[in-house]
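Data first, discussion second: the structure below is written as structure tokens.
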């Protein structure tokens with residue numbers, strides 16, 4: 001048996017270090033790539049996603065040589081027409097040609113090699129010396145998918161482009177025995193945006209994605225059933241597409257070439273790459289809008305305190321909390337909420353509900369899983385994943401199973417579970433936001449109109465969110481547990497990588513629907529808080545004026561006992577949620593009128609002697625006060641509402657003083673949406689659709705990162721890192737935070753207990 005060191009030395013010409021976990025010849029200190037895999041996770045998730053999107057938007061040409069392709073490269077080539085692909089001939093051409101020539105040489109020698117002189121799979125006992133005909137037959141029998149007339153049966157264009165890129169990247173490593181000219185033709189097809197139609201279904205991603213990849217081979221060989229789409233949707237035959245890139249005659253596949261093209265995990269890995277790109281962005285978005293949820297709910301930002309999360313040790317949780325803490329730091333909403341809680345500490349529970357308070361603990365593990373899946377897929381798209389592997393250096397073909405796409409199936413199952421968990425949290429927060437029992441004074445359903453009896457706001461959207469959540473949670477079920485034995489029990493275990501990636505892509509799309517609905521609701525809540533604040537100011541002003549006019553002074557300017565009522569009356573206004581009465585502010589059955597009257601009655605009882613005199617009686621003033629209040633308040637409330645609708649409210653919108661403002665500004669100004677109201681014809685779905693399209697087109701990424709401008713990727717309070725530690729610290733993971741903190745304090749002899 002050849003020693004590992006000899007293998008490394010023999011292959012060092014073919015493999016170079018890339019910084020990813022893709023080296024064949026790892027250093028002696030890291031022979032199994034565990035250290036390299038761990039180092040790839042260094043730094044924050046935020047920094048990783050930022051680098052990813054910077055690369056995605058900044059890419060103009062993607063140069064590939066087999067070992068340094070990234071998730072963002074795949075997404076950019078798949079989605080952005082201005083991005084071109086270039087094969088790195090200097091790095092890869094010689095090794096590609098060497099492996100191709102090796103196959104032909106061995107064929108001439110009569111060497112028995114799987115897929116070159118043998119049958120396939122369970123029928124590999126058959127033999128032939130007609131190598132070219134064997135490859136032709138391979139492509140013919142693998143063209144077993146169904147395209148049909150229904151577009152739903154065809155793999156999406158961006159996934160197919162990604163698959164062409166990933167497959168080419170794999171073949172560039174020179175272990176597959178395929179000609180350089182074939183890879184160059186795929187490059188030209190990509191750059192001309194000529195995309196073959198591949199069947200959506202029919203692969204188990206072991207032995208690779210045989211069926212869909214055979215349709216790429218069908219294009220290259222000009223099979224009569226090959227169909228190709230141009231960028232503008234024109235359909236043509238494979239032969240016509242090849243002529244458009246300068247190939248007058250389709251390829252006649254040489255021995256091994258057909259097998260090299262089809263026997264790999266590239267379709268599943270390609271779609272998984274796109275899924276990972278989206279999942280990372282959406283995870284970050286969910287963290288920021290969870291902070292925005294805290295703002296509009298007048299929440300308590302204490303849940304982001306760094307010590308709480310440092311004591312839990314999980315990096316994903318710590319980062320999620322740190323991001324939320326940064327967004328909330330200095331927020332005008334949080335300053336206002338602190339005053340509200342101080343003024344009336346019993347108005348809401350001591351602690352916020354789990355959907356907000358434990359959002360870092362909930363989102364953190366999802367971020368860790370998504371990061372892990374992303375790195376696993378990035379290793380896969382830089383792997384050699386066909387069979388046999390041509391080892392030119394040792395003059396042999398290695399028969400193995402790198403076509404098994406288990407990394408794709410497993411990582412996509414895990415990622416999809418995390419996507420569903422994020423969606424579940426978004427639904428929990430949304431449900432709290434639209435429920436007037438929990439949302440801190442916002443109207444039921446976030447109704448934006450003046451008449452709640454004719455405005456049901458986001459009631460339909462909440463029903464839709466329940467539907468999305470149910471479907472998303474259904475999709476959370478694993479795909480890989482449903483493996484069926486295939487191909488005469490030769491492929492008795494298989495990864496279902498592409499199937500799992502497809503289900504994950506569905507989950508991503510549903511999460512986009514949920515986030516667009518939720519972001520619409522958050523912007524609605526921001527507008528309602530602005531309206532609430534201006535309405536409250538109007539009501540307080542009128543109540544104060546009416547109290548002074550009717551209760552404070554007599555006809556001759558003398559001071560009356562009722563002058564002491566004003567402060568308590570204004571306290572009632574402060575404590576009463578504006579939207580509980582503002583549609584009819586003087587309605588006798590509404591809480592504001594009742595509580596104002598109660599204040600006057602209480603003062604009347606205290607004014608015992610004064611009640612005997614009609615001029616100083618507070619009881620006698622109640623009808624006068626209420627009549628004057630009705631006369632002034634109703635028209636002033638209407639004027640305040642009119643002023644708000646025109647955008648001329650006197651009080652500024654607090655959101656402008658918040659780090660979450662870029663998202664709000666994006667939805668309202670850049671996308672041109674407005675407050676939803678029953679008085680307007682536009683429906684919630686029309687606004688949500690605009691936001692959904694913007695998220696799907698990656699337009700939300702720029703404002704998302706603006707929310708985090710200046711964040712250094714660390715916890716806010718550096719002193720947390722310098723807490724005194726007990727020698728028992730490392731054994732205290734199971735203790736409560738309070739007990740652990742006490743132990744830390746006792747361990748410091750210089751701690752000042754005064």
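Every residue gets a Cβ built from N, Cα and C, even glycine.
Within 10 Å of the C-beta of residue 114 (active site, proton donor/acceptor) there are 17 other C-beta atoms, taking all protein chains into account. What Swiss-Prot records for 114 is active site, proton donor/acceptor.
Its Cβ taken as reference, residue 263 ((E)-cinnamate binding site) is surrounded by 28 other Cβ atoms within 10 Å in the chains shown. Taken from Swiss-Prot, the feature (E)-cinnamate binding site covers 263, 351, 357, 387, 459, 487, 490.
According to Swiss-Prot, the 2,3-didehydroalanine (Ser) annotation covers 207, on the basis of sequence analysis. Taking a C-beta cut-off of under 8 angstroms and a sequence separation of 6 or more, residue 207 (2,3-didehydroalanine (Ser)) has the following same-chain neighbours: 121, 263, 387, 403, 404, 487, 491.
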Check: Can you tell me how far the Cα of residue 114 (active site, proton donor/acceptor) sits from the Cα of residue 459 ((E)-cinnamate binding site), in Å?
Finding: 62
Next item on the list: Identify, in sequence order, the residues in the chain of residue 490 ((E)-cinnamate binding site) that are 6 or more apart from it along the sequence and have a CB within less than 8 Å of its CB; answer 'none' if there are none.
Entry: 121, 122
Next item on the list: Please determine which of the binding-site residues listed here (351, 387) has the lowest count of neighbouring CB atoms within 10 Å.
Entry: 351
Check: Who sits close to residue 459 ((E)-cinnamate binding site): which same-chain residues at least 6 apart have their Cβ under 8 Å from its Cβ?
Finding: 434, 445
Notebook entry, point to check: So how far apart do the (E)-cinnamate binders 263, 351, 357, 387, 459, 487, 490 get, largest Cα to Cα in Å?
Noted result: 58
Check: Including all protein chains displayed, how many Cβ atoms other than that of residue 487 ((E)-cinnamate binding site) lie within 10 Å of its Cβ?
Finding: 16
Margin query: List every residue in the same chain as residue 357 ((E)-cinnamate binding site), at least 6 positions away in sequence, whose Cβ is under 8 Å from its Cβ.
Written below: 303, 351
Next item on the list: Using DSSP with the three-state reduction, classify residue 459 ((E)-cinnamate binding site) as helix, strand or coil.
Entry: helix
Next item on the list: According to DSSP, folded down to helix, strand and coil, what is residue 351 ((E)-cinnamate binding site)?
Entry: coil
